[in-house]
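Worksheet for the structure shown next.
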Amino acid sequence: YRLTYYTPDYQVAETDILAAFRMTPQPGVPAEECGAAVAAESSTGTWTTVWTDGLTQLDRYKGRCYDLEPVPGETNQYIAYVAYPIDLFEEGSVTNLLTSIVGNVFGFKALRALRLEDLRIPPAYVKTFWGPPHGIQVERDRLNKYGRPLLGCTIKPKLGLSAKNYGRAVYECLRGGLDFTKDDENVNSQSFMRWRDRFLFCAEAIYKAQSETGEVKGHYLNATAGTVEEMYKRAAFAAQLGVPIIMHDYLTGGFTANTSLAMYCRDNGLLLHIHRAMHAVIDRQRYHGIHFRVLAKTLRMSGGDHLHSGTVVGKLEGEREVTLGFVDLMRDAYVEKDRSRGIYFTQDWCGMGGTIPVASGGIHVWHMPALTEIFGDDACLQFGGGTLGHPWGNAPGAVANRVASEACVQARNEGRDLSREGGDVIREACKWSPEL
């Protein structure tokens, strides 16, 4: 492999798709051979020379390992940079992109471990994707909510409620001041609550809360299903009800289904909330798998208006700088290379709409100052137990979250330092909000 696929003098083309792999070779295997093997197995190579190699322009189509750098503080571990010609990939297909780059190479015998840390998607390839159904600005215009983070709540217990009781919980949360409530990722259409019943009772709750508060409300109706045809049926029913947003579990549902659903949502005026169920199976290991920043980039290309991104401060894992790195990759139009935040390549999104990061998992009102400071306005903060665990009930829990959020936003706008004064801001708000 090394003679053909390791090319340290290669000049990267503007149209190349670039990958950064964290690579741990087996003992005794040279890093150059491993890097070349990764490039070969994820592009044109196989385990031996075949006569049909002579029938193609190998130099035009092969992947190239063009740089290797040792990982500081680790023994026998390298970052391998691989460049892939754009012609290797089908236009507008995240499925084909991932099948090529990570589909086969991770089981390679010469490697102890392999992790895809980052991808550079060139403008020429970015422009073949539709991206999010609507994007951040269109969502704010449709909801008529500006200048603050959006607030949500996952209805608990996640399984076992009847549709009517579920709808009641949705209504209480929305009436109290939240913008959204959410189906949990494993709420689909079980025997205790069929999807059509849930959609109807949740729509009733949304319209009742809207009429009482004068604000646009939404509930992430999970359209994920066992078949794409059934998923379309659920999305179509949501559109008929006139609700603003539906939801999809994009990793368990698959990228092909997700891209199809995103196109349906764009055509039918639905926002699309994306849950990342199963992500930790892929991204939690430090040395093997795919980093979540890659999953976030590919989701933005496939299509999603919201994506769960970790909290930095709650019950789930997430390092602050690294989390902020992929949050920027979800939201911003142009992101510079910054290795301190785990961003290996400069990424130009060419005007593609942004995806709102969703902070969810073990957060409550005392986290509000930190969340406001870390995520800024273009985020959705979701408090499940932090709303429903209020001793007075769901609606007072929602009131407490809304009051805390608006107090933190006002304090920030007045120039106060939320990292130092956050506790004082919440205590001051408590004086005039008994729910908080």
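Heads up, the Cβ atoms here are built off N, Cα and C, so glycines get one too.
What Swiss-Prot says about this protein:
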ACT_SITE  Lys156  active site, proton acceptor
ACT_SITE  His275  active site, proton acceptor
BINDING   Asn104, Thr154, Lys158, Arg276, His308, Ser360  substrate binding site
BINDING   Lys182, Asp184, Glu185  Mg(2+) binding site
MOD_RES   Lys182  N6-carboxylysine
SITE      Lys315  site 'Transition state stabilizer'
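With respect to their backbone Cα atoms, Glu185 (Mg(2+) binding site) and His275 (active site, proton acceptor) stand 7 Å from each other. Using a 10 Å Cα-Cα cut-off around His275 (active site, proton acceptor), the recorded positions Asn104, Thr154, Lys156, Lys158, Asp184, His308 reduce to Asp184, His308. Ranked by Cα separation from Lys156 (active site, proton acceptor), the binding-site residues Asp184, His308, Ser360 are led by Asp184. Taking the Cα of Lys182 (Mg(2+) binding site) as the reference point, the closest of the binding-site residues Thr154, Lys158, Arg276, His308, Ser360 is Thr154. Remark: of the recorded positions His275, His308, the most isolated position is His308 (fewest other Cβ atoms within 10 Å of its Cβ). For the pair Ser360 (substrate binding site) and Asp184 (Mg(2+) binding site), the Cα-Cα distance reads 11 Å. Note on Arg276 (substrate binding site): other Cβ atoms within 10 Å of its Cβ, all shown chains, come to 23.
Annotation note: Arg276 (substrate binding site) sits in a coil segment as assigned by DSSP.
Residues near Asp184 (Mg(2+) binding site) in space but far in sequence (CB under 8 A, at least 6 apart, same chain), listed by position: Thr154, Ile155, Lys156, Lys158, Leu159, Asn222.
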